[in-house]
């Protein structure tokens, strides 16, 4: 057991939150906060008890200056209000270092295929929302490395993910709501690589409370071997960032540099769609990303990327690149038509289905499958249905929803047949979605319905619209 403290010092990453209560704190309380902060994160020796207020040479002043420089504050060495405010913000508890860094000793996984297991669930969210947040967090890192992940439902996985309160068996007890958020361990056997989340926090899938996806993505960075970054835009920056719009999330180049220093870039794979080296240059008729009146024909995912179709073009949005790329549909799939009506991905089949008029095509990567196009009526639609407005596949339930005017049908992907009892009214089961739907797709556990230049973020579990956004927010507008 004598080696355990050293092991934990090297491997544990504890996320701590210091809530701002808005009340004035006494000087002694502030000094105690600063003392502990500098001890925990900037290696201030614990026997340094007196703060030097007038000399720039004091050890505490030096550490304050170091902290201010690292976190992007004005470097004064003084305990101004900005410095104290930052010290109280949610953050990870591992010491701060410059730029991206790995843990001491540079621990990393010696294999590229890793397993994970969700041991238990928080009552704050439906199980499928937790599953989706974790899957998306893993995908953040999978997109930019050779790493792949698969889920185990029993036994020991490389990354064990669990929710717990207070003492939970790893010598780092949680402390109730508002302080420690989560902690994760660097790569290695046993507890190493695992991520624990404080179940006294209010976990959410949106921008209220503590967003599970954002915290999980950060913690998994630690599970893969990353330390902290001084880059304020980085996911691995020590302070917790709550986004007002999750559609704008992207991995910073600093994070990419860090993880690729451990594992390298993603390999070229025959399973990955072939990409033209350059997006199409602007020309007459090319849609402008940030046109306030921009609407979309169809939206789908494809192996972790987002495809947004408009006329004869489509945007490709990937975590690997900061900006979405615009391409001609014909440059990927020469036999597909322009101006498609609907698109959706069935991840279990590794297929994307594209609809136009009374026909549909199946694509896998950059290949249109043989035997297509087929008529939409082979799916079980009545002759009165001439086209599909929008479609989305719920991967947790293995059901696909087809939207046609003010009604919708549901298709069972396992049985490969339309379910009885449909169509139903969209407004009854999707309250708040009362306009004609141009496109729809799923991300972050939400359904995003596009109508003209607007989109509605819909929570399928709560059955309500949670946000109204511009359609082109996915294009960084």
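Quick reminder: no glycine exception, Cβ is built from N, Cα and C everywhere.
Feature annotations, reproduced from Swiss-Prot:
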type	residues	note
BINDING	175, 176, 178, 180, 198, 201	Ca(2+) 3 binding site
DISULFID	290-477	disulfide bond
REGION	262-287	region 'Disordered'
REPEAT	287-336	repeat 'Hemopexin 1'
REPEAT	337-383	repeat 'Hemopexin 2'
REPEAT	385-433	repeat 'Hemopexin 3'
REPEAT	434-477	repeat 'Hemopexin 4'
Query raised in the report: Rounded to the nearest angstrom, how far is the Cα of residue 180 (Ca(2+) 3 binding site) from the Cα of residue 290 (disulfide bond)?
Result: 40
Report summary line: Per the Cβ filter (under 8 Å) with a sequence gap of at least 6 from its ends, the repeat 'Hemopexin 4' (434-477) is approached by 126, 128-129, 132-133, 136, 205-206, 213, 245-248, 289-301, 306, 308-309, 315, 317, 322-324, 342-344, 389-395, 401, 403, 405-406, 426-427
Report task. Quick one: pull the CA-CA distance for residue 198 (Ca(2+) 3 binding site) versus residue 477 (disulfide bond), whole Å only. Result -> 35
Query raised in the report: So among the binding-site residues 176, 178, who's got the most Cβ atoms within 10 Å?
Result: 178
Report task. Just name the most isolated of the binding-site residues 175, 198, 201, going by other Cβ atoms within 10 Å of its Cβ. Result -> 175
Query raised in the report: According to DSSP, how is the repeat 'Hemopexin 1' (287-336) divided among helix, strand and coil residues?
Result: 4 helix, 20 strand, 26 coil
Report task. Rank the recorded positions 180, 290, 477 by the number of other Cβ atoms within 10 Å of each Cβ and report the first-ranked residue. Result -> 180
Requested in this report: Reduce the DSSP letter at residue 180 (Ca(2+) 3 binding site) to three states and note it down.
Outcome: strand
Query - For residue 175 (Ca(2+) 3 binding site), the three-state class that DSSP assigns - result: coil
Query raised in the report: Hey, how far is residue 175 (Ca(2+) 3 binding site) from residue 477 (disulfide bond), Cα to Cα, in Å?
Result: 40
Query raised in the report: Where does residue 201 (Ca(2+) 3 binding site) sit in DSSP terms: helix, strand, or coil?
Result: coil
Requested in this report: Using C-alpha atoms only, work out the spacing between residue 178 (Ca(2+) 3 binding site) and residue 477 (disulfide bond) and round it to an integer in Å.
Outcome: 33
